[in-house]
Amino acid sequence: MTLETGHPPQVSVPPEPPEPPESSESSALPARPLSAVPAGGRPITFGLRANLAQFGLLVAVNALVGGMLGQERTVLPLLADRAFQLSAYTGALTYILAFGATKAVTNFFAGTLSDRHGRKPVLIAGWLIALPIPAMLAWGPSWGWIVVANVLLGVNQGLTWSTTVVMKIDLVGPARRGLAMGLNEAAGYLAVAVTATATGAIAAHWGLRPAPFLLGAAYVALGLGLAAAAVRETREHARAEAAAHPVAVGGQAVLGTARIARTVSFGDRALSAASWAGMVNNLNDALAWGVFPLLYAAHGLDLGRIGILAALYPAVWGAGQMLTGWWSDHVGRKHLITAGMLLQAAALGLVAVGGSFPVWAAAQALLGAGTALVYPTLLAVIGDVAHPAWRARAVGVYRLWRDGGFAVGALVAGLLADAYGLTTAIWAVAALTAAAGLTVAIRMYETHPRN
C-alpha cells in the first residue's frame, strides 16, 4: 500500500462521558490492518496519479451533476415571472428554498449512508431520483410541479455531489486533498456555467420551455450509466486510511453521528467556522441564482446577455478552483478563505451599485474569484481535521450547513426584496458575507500548515 505523506492536525474533541457504541455507525468503518490486497482483491493505493482513471471518471460524473443544476440558472427565474406570473420575490424564490432545504438534509444523510452501504450505491440512487426532473421542469403545468422537481433535484445533488466529494477524498489521501477538491468543484461549476450559457441561448431561440431542459435529460442518462457501469467503490480506501490514522485520546475514531454533528457545527473552531462560511457562501449563490437575473431583466437586458452573466460567475468560480485547491495545499487554508469571503462581499456591493452590462460582468467575475478561493478550501478543511473513520459524516454535516445557505438565501433575499427592493437585499447579504470573512479570520486555526 502506498500513502502520500501529509499530517493534518487532529480535531480537538471536548471531553465527554463515554458513549455507548452505536452498532450501525461505530461498525460502519471498522479498524482493520492495512493490507496491500484487501478482501475485495484489488490493491489499495492512495494518490492522484495512482488513481487517475477513477479520479477522472468521478470528475466527469460530477460535471454531469453540475449540469443538472446549470439547466435552471438562466431559465427558471424568468419562467417564474413570465410563464407563471409570480410577482412576489418570496413566491418566485420558493424553488430555491425547496432545493436548498432538501439538499442540505440529504447531505447530512449521504455521509452516513455512504459509510454504511458504500459510496457507489448512494451515487446510483442519486441518479435514479433525477430521472423525472427534466420532464417536470419542461412540461409541469403549475408552479407546484417546479417546486417538487427542485425537491427531487435537491435529493439528487445531495446524494451525487456529496458522494463524489467523499470518493475523491478517499482516493487521493491527505497530501493532495486541496487539489482534489479543486478539480472536483471546478468540474461541477464549469458544467453549471456551460449549461447556463447553453440553456440561455436555447431559450432565446426556442422559448423557455421545453427545449432548454432536454439537456438535463441527456445528463441524467449519461450520469446514471457511468455510475452504474464504470465507477468503482472507494470505501475500502477510507477503511485502510482509518486503520493507519492516529486516534486521539477519547476514541475519536468511533464518534457517534450526534457528537460529530456537534463537533462540526459548534465544537471545533476550524470546523464550525468553515460551516458558517459555507452557509454564507451559498446564501450568495442563492442570490446570484434567483435575484440577479430578475435585477438584470428589470434593467432591460435580453435573455442572451442574462445568460452570459449567469454563466460568468460559475465559470470563473469553476476555472479558478483548479488553481485555488492546489494553492491551499501549499500556503494553507485559512487566509484564502478569509480573502475569498471579503472579495465576495465587495463583488456583491458592485452588483448593487452597477447599472450596466460591463459593470455587472466585472462584479460576476469578482464574485466567482472570491468563491473559487473559498469553495474547495472549505472542503479541504473538513478533510484535514476529520478522522477518516467519520470523515464522510463530517462532510455531510458541513454540507448540511453549507447548502442550507440556499434556503436561508432564498428566504432572506425574497423577504427583503419584497419589503425594501432588490438592491437592499443585495447589500444585506454583502454585509453578512463580510462578517463571515471576519469570523474565519478570528476563529479558525490553520488546518494545513506549510511546514
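Each residue, glycine too, has its Cβ placed from N, Cα and C.
According to TrEMBL, the feature region 'Disordered' maps to 1-32. Under the heading compositional bias 'Pro residues', TrEMBL lists 11-21. According to TrEMBL, the feature domain 'Major facilitator superfamily (MFS) profile' maps to 51-448. Sequence annotations record features per position, and here TrEMBL assigns transmembrane segment to 52-69, 89-110, 122-139, 145-166, 187-207, 213-231, 336-355, 361-383, 426-445.
Note on the transmembrane segment (361-383): residues 8, 165, 169, 174, 177-178, 181-182, 184-186, 189, 264, 270-271, 274, 277-278, 281, 284-285, 288, 292, 308-309, 312-321, 323-325, 328-329, 333, 336-337, 339-348, 350-351, 354, 391, 394-395, 398, 402, 444, 447-448 of its chain, located 6 or more positions outside it, place their CB under 8 angstroms from a CB of the stretch. Between the transmembrane segment (145-166) and the transmembrane segment (426-445) there are fewer than 3 Cβ pairs closer than 8 Å, counting only residues 6 or more apart in sequence, so the two stretches are not in contact.
The stretch from 52-69, 89-110, 213-231, 336-355, 426-445 with the most CB pairs below 8 A to the transmembrane segment (122-139) is 213-231.
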